[in-house]
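Taken from TrEMBL, the feature domain 'Formyl transferase N-terminal' covers 4-181. The N(1)-(5-phospho-beta-D-ribosyl)glycinamide binding site annotation in TrEMBL covers Gly13, Ser14, Asn15. Sequence annotations record features per position, and here TrEMBL assigns (6R)-10-formyltetrahydrofolate binding site to Lys66, Met91, Arg92, Leu93, Val94, Asn108. Per TrEMBL, active site, proton donor is recorded for His110. The site 'Raises pKa of active site His' feature in TrEMBL is assigned to Asp146.
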Amino acid sequence: MTTKIAVFASGSGSNFQAIQEAIAHGEVNANIELVITDNPGAFVVTRANNFGIPVLELAPKTYENKAAYEAKIIEYLKEKDVEWVVLAGYMRLVGENLLAAYENRIINIHPSLLPSFPGKDAIGQAMAHGVKVTGVTVHYVDAGMDTGTIIAQGAVDVIEGDREGTEARVHTLEHALYTSTLKQLFEQ
Ligand code: GAR
């Protein structure tokens, strides 16, 4: 059975695109029913439009609180029969209602070897710390900041003094690791 997923993203959406391309090539047995962004106008919207995938652009500030914002999200996810939530550059903690609605069915990708460098700008944090090796982690999402059970990791050599080059390596690995992890998850 093809797994119905939603991808949440706040920015460029290169991971979303890698996942969609892997699906289109028959590598991942899933269908992206919906893209949700908390950042209306983000480049991920253009990417989703290019693939003809429905996008929901929500501005959290226009809701009374996180519960109301996520209630709207849950409504759309249920309407589309979404089974799994895939966070791909979604820069927001998931609240308790959404976690409860998708228990053990929300995953995230983070640009570091967790538990090192959780939170924002993980690549910048790693470079500022002077580590020689950083990487990428795919993990289940819990209520903490990048604290859920780790599913897969991969390492990247830092290019000293070259943020852009290091970031490019991280992104390349992210795209490969996320698609291979999703392939395995949805085969079971
Ligand atoms: C990715 O590097 C992802 O790991 C990171 O945001 C970037 C989004 O890129 N996520 C986090 O830092 C979450 N804590 P993309 O929009 O091109 O996929």
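Residue positions begin at 1 at the first shown residue.
Using N, Cα and C of the backbone, Cβ positions are placed for all residues, glycine too.
In the vicinity of ligand 1, defined as a Cβ distance under 6 Å, none of the binding-site residues Lys66, Leu93, Val94 are placed.
Comparing Ser14 (N(1)-(5-phospho-beta-D-ribosyl)glycinamide binding site) with Val94 ((6R)-10-formyltetrahydrofolate binding site), their Cα atoms are 21 Å apart once rounded. Checked against Gly13 (N(1)-(5-phospho-beta-D-ribosyl)glycinamide binding site), the recorded positions Lys66, Met91, Asp146 differ in C-alpha distance, with Met91 being the nearest. Those same-chain residues not listed among Gly13, Ser14, Asn15 yet with C-beta within 8 angstroms of the centroid of the N(1)-(5-phospho-beta-D-ribosyl)glycinamide site C-beta atoms are Ala9, Gly11, Ser12, Phe16, Gln17, Ala18, Val44, Arg47, Ala88, Gly89, His175. Of all Cβ atoms in the protein chains displayed, 20 besides its own lie within 10 Å of the Cβ of Asp146 (site 'Raises pKa of active site His').
Ranking the recorded positions Lys66, Leu93, Asn108, Asp146 by the distance of their Cα atoms from the Cα of Asn15 (N(1)-(5-phospho-beta-D-ribosyl)glycinamide binding site) places Asn108 first. Taking Asp146 (site 'Raises pKa of active site His') as the reference point, the recorded positions whose C-alpha atoms are within 10 Å of its C-alpha, out of Lys66, Met91, His110, are His110. In the three-state DSSP scheme, Arg92 ((6R)-10-formyltetrahydrofolate binding site) is classed as coil.
Checking each of the binding-site residues Lys66, Met91, Val94 against the residue listed as 'active site, proton donor' by C-alpha distance, the shortest gap belongs to Met91. Cβ neighbour count for Val94 ((6R)-10-formyltetrahydrofolate binding site): 21 (other Cβ atoms within 10 Å of its Cβ, all protein chains included). Secondary structure at the residue listed as 'active site, proton donor', taken from DSSP and collapsed to helix, strand or coil, is strand.
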